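Following: one structure in structure tokens, then a few remarks.
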Amino acid sequence: MGPAGLKVLLLLFLGAFQGSFTKKKNLQSVCGRPVHTGRIVGGQDAALGRWPWQVSLRFDYTHSCGGSLISDHWVLTAAHCIKKTWYSFLYSVWLGSIDREYSSTGKEYYVSRIAIPDKHRHTEADIALLKLSSRVTFSSVILPICLPNISKQLTVPASCWVTGWGQNQEGHYPSTLQELEVPVISSEACEQLYNPIGVFLPDLERVIKEDMFCAGERQSRKDSCKGDSGGPLSCHIDGVWRLMGVVSWGLECGKDLPGVYTNVTYYQKWISAIISRAPPGWGGDSTHMTSCSLLCYFLWLSWDPPEPLALA
């Protein structure tokens, strides 16, 4: 290769490096900073743009769970929201809207690939990454939320905010996104609530695992519920909103026991590993994925998949 060829390679390398650096820098400058920052009142309709990372995860065009936009290509949700990972072509996400149904401000993106931890069983390792088939365009109503900064010790505030279109106290599913401030409860304190005899039986298996924590108001009966699963527990830390929890499960929404959340910090290394090893065309641009989609679609037409676990 001559000097001209080496020069071209060097320019390509520098361009790729600069693009990667700029993208990372830009993400950190916009994540967790909603344009609309008005006063939040709990247990009511959310304002448009207040939670711009909120996702409506749809299976076969119907809302099934919540989720959180964490970059221009990735969404984080709960693993139990995913019926079958090879059904990725039937999943889409709805962004930029507070309406459960379609609206003029929202935009739909299709899922090209799904990643779930190998150790996921029922409520354990209840976390999933969804790669979108096209890049998300950020706006005043579509922005990512920051992930926890594992390079330094973060102090989780006494209360955070849960959002979603889940079932309310009347048993109805609201059409408008709901927001609720909930107190954060440590894993140990929550374990005593869910497993009161555990203190007398130290060998008894824990209910609240090391990758879980709780949040919710026991007395006021305010909590996340069915339909909120996979949605964010957003905490305001160091001037930005960070995704500290994913709505996972609970028993009888808002009745004496708090909701249980997957601890995002616990899975931060897993998240980084999945995203870093996914090349630009991972999933959506794959010929194998396209041909598989047609086959899977015909299989899906002839088989009714089971409902996902939806305790939260």
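In case you wondered, yes, glycine gets a Cβ from its N, Cα and C as well.
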Of the candidates C190, C225, C235, the one sharing a disulfide with C214 in Swiss-Prot: C190
Disulphide bridge to C160 as given by Swiss-Prot, partner from C81, C225, C235: C235
Cysteine paired with C81, where Swiss-Prot records a disulfide bond, from C31, C65: C65
D126 (active site, charge relay system) and N263 (N-linked glycosylation site), Cα-Cα, nearest whole angstrom: 9
Rounded inter-Cα distance in Å - D126 (active site, charge relay system), H80 (active site, charge relay system): 6
Across the domain 'Peptidase S1' (40-276), average pLDDT on the 0 to 100 scale: 88
Site with most surrounding Cβ atoms, counting all protein chains shown within 10 Å, from the recorded positions N149, S229, N263: S229
Spatially closest candidate among C160, C190, C214, S229, the listed recorded positions, to C65 (disulfide bond) (Cα to Cα): S229
Local Cβ density at C235 (disulfide bond) - other Cβ atoms counted within 10 Å: 26
